[in-house]
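Features as listed in TrEMBL:
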- LYS275, ASP280, ASP298, GLU359: Mn(2+) 2 binding site (BINDING)
- ASP280, ASP357, GLU359: Mn(2+) 1 binding site (BINDING)
- LYS287: active site (ACT_SITE)
- 355-362: domain 'Cytosol aminopeptidase' (DOMAIN)
- ARG361: active site (ACT_SITE)
Amino acid sequence: MTAVADRSLGPELARTVDIGADTDVLVVGIVTTDDGPAIVPGPALAGETDFEDVLSADARAVLESQLRAVGAKGKGEELTRLPGPTGLGASSVLAVGLGAPDAVDAEQIRRSAGAAGRALSGTGLAVSTLSGLDLGAAAEGFYLGAYTFTEFKSGKSAPKPAEQPLRRVELLVPDPAFGEEDLFRAQAIAEAVATARDFVNTPPSHLFPAEFADRARSLAEAAGLEVEVLDENELAAQGFGGILGVGKGSSRPPRLVRISYSGGAENPRVALIGKGITFDTGGISIKPAANMDHMTSDMAGAAAVVATVLLAARLNLPLSVIATVPMAENMPSDTAQRPGDVLTQYGGTTVEVLNTDAEGRLILADAIVRASQDDPGYLIDVATLTGAQMVALGTRTPGVMGTDEFRDRVARISQGVGENAWPMPLPAELRGDLNSSIADLANVAPHRWGGMLSAGLFLKEFVPADVQWAHLDVAGPAYNTGGAFGYIGKGGTGVPVRTLIAVLEDIAGR
Ligand code: BES
Ligand code: MN
Ligand code: ZN
């Protein structure tokens, strides 16, 4: 078994007060001004410190005039490489655009650092002044931008030295003690995002329910957390009809993983639930061939909640988090469930399965009922649930549904960390379309209008009325099928790990 924890997930991050002798690149931020690009922190945008002893006023002036000469503007994520001026200590300088000075926020810093991190493949040591604007955001951006997934690149296709990810980033700080906690938190968060990305990027040939459960278990046990894994026999004995129904078409049987972190019995309890379909063919209601490979990402919700419960423990948050993670492979076969079958969810609700491709809600319903037995104050489920999410919001904006107040709180927090979830309604008039003529519920409506909301309404049936609930549909945002941008490369993005941890911190009062 591959231990995900042993892999190097990104560059080593450190604080420094100087440019070391072996520095290859100094990364500086630049903003657009009427007089051309200006290096920041500096007169155009003040920060914690402008590191004048490292980057002298003379060196700045030289760099700014060279930037003007080569046509640099300072637009967001624009990259300009220059030779290091004499006396600087770094052989080259990478200027990364931050856009207009009045629009520079943590997310812009993260994105620009991410673009720099991506561009610095083949670099041993980079030092950056972006930490003078926001140490944590710069650290997260560099780390996530430099993330690569090369486990299956062998022989001739293995990364050449010039393509190796950036190995070490030193972030300049005003004194050696500055920002220790900020960097620890940023690194922990970035590593959790990378863990989620690794899970998503691991192909379905190698990550099937039992293997996913094993990997989650070993990460959780290494972190000292309590883990329980139910196999197909235990799932059957306890009546998890949704997970079993979805999993029964596959020769690789389903699992239910539970990981508990207790941060004080008197503190709030939060249930996290993540959709773990290791591959979604659609089942008998089979998907078209084009882009079906994207369904390797259908366990991104599970990946995010596993990474988040580990992260909550690492950050020692004063609350309890229990992750409940159903895992199954949705395959067509002679043992698969059929359109028209009726299954009994955990807890007794019967569901007519009119479309076997609406499988996520079936495994989530079981998990929601199980998670509710712990009597959590908050319940957050995360799923690559509907193509309709992308029709409504595009590929980068998660939809968040649930109880009004908590839904809005989660959306606000998500926007604050740059993952940008947007609140969506659960219109009562759509609920009747999920009525079945023979069972308690149908798993799909007889039309496609408001598909994301309809899926949310299905889940709502299983959530206790007194729980603060948020449902995040991340079908598009969890997996980038387009080109790289900011700190996001191709493939798994790690969304919504940063939203989840920020929500947990908010609930914990941090
Ligand atoms: N895993 C898919 C949703 C999805 C689509 C995620 C595209 C990522 C990218 C989900 O299981 C699914 O197939 N949903 C159906 C629901 C429909 C049958 C009501 C869909 O969106 O088409
Ligand atoms: Mn499906
Ligand atoms: Zn699916």
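In case you wondered, yes, glycine gets a Cβ from its N, Cα and C as well.
Listed in sequence order, the residues of the same chain lying 6 or more apart from GLU359 (Mn(2+) 2 binding site) and placing their CB within less than 8 Å of its CB are VAL246, ILE277, ASP280, GLY283, ALA328, ASN330. Shown are the recorded positions LYS275, LYS287, ARG361; the one with the most C-beta atoms within 10 angstroms of its own C-beta is LYS275. With a cut-off of under 6 Å between the Cβ and any atom of ligand 2, the recorded positions ASP298, ASP357, GLU359, ARG361 reduce to ASP357, GLU359. When each of the binding-site residues ASP298, ASP357 is scored by how many other Cβ atoms sit within 10 Å of its Cβ, ASP357 comes out lowest. Looking only at the recorded positions LYS275, LYS287, ASP298, the one with its C-alpha closest to ARG361 (active site) is LYS275. Residues of the domain 'Cytosol aminopeptidase' (355-362) grouped by DSSP class, helix first, strand second and coil last, total 3 helix, 0 strand, 5 coil. With a cut-off of 6 Å between Cβ and the nearest atom of ligand 3, the recorded positions LYS275, ASP280, LYS287, ASP298, ASP357, ARG361 reduce to ASP280, ASP298. In sequence order, LYS287 are the recorded positions from LYS275, LYS287, ASP298 with a C-alpha within 10 Å of the C-alpha of ASP357 (Mn(2+) 1 binding site). Highlighted here are the recorded positions (LYS275, ASP280, LYS287, ARG361) whose C-beta falls below 6 Å from ligand 1: ASP280, in sequence order. Other Cβ atoms within 10 Å of the Cβ of ASP280 (Mn(2+) 2 binding site), summed over all protein chains shown, number 26.
The Mn(2+) 2 site, placed at the center of the C-beta atoms of LYS275, ASP280, ASP298, GLU359, has further neighbours from the same chain whose C-beta lies within 8 angstroms: VAL246, GLY276, ILE277, MET295, MET299, ALA328, ASN330, GLY360, ILE363, ALA383, THR384, LEU385.
Within 8 Å of the centroid defined by the CB atoms of ASP280, ASP357, GLU359, the record's Mn(2+) 1 site, lie the Cβ atoms of VAL246, ILE277, THR281, GLY282, GLY283, SER285, LYS287, MET295, ASP298, ASN330, THR356, ALA358, GLY360, excluding the listed residues themselves. Annotated pair LYS287 (active site) and ASP298 (Mn(2+) 2 binding site), C-alpha to C-alpha distance, rounded: 13 Å.
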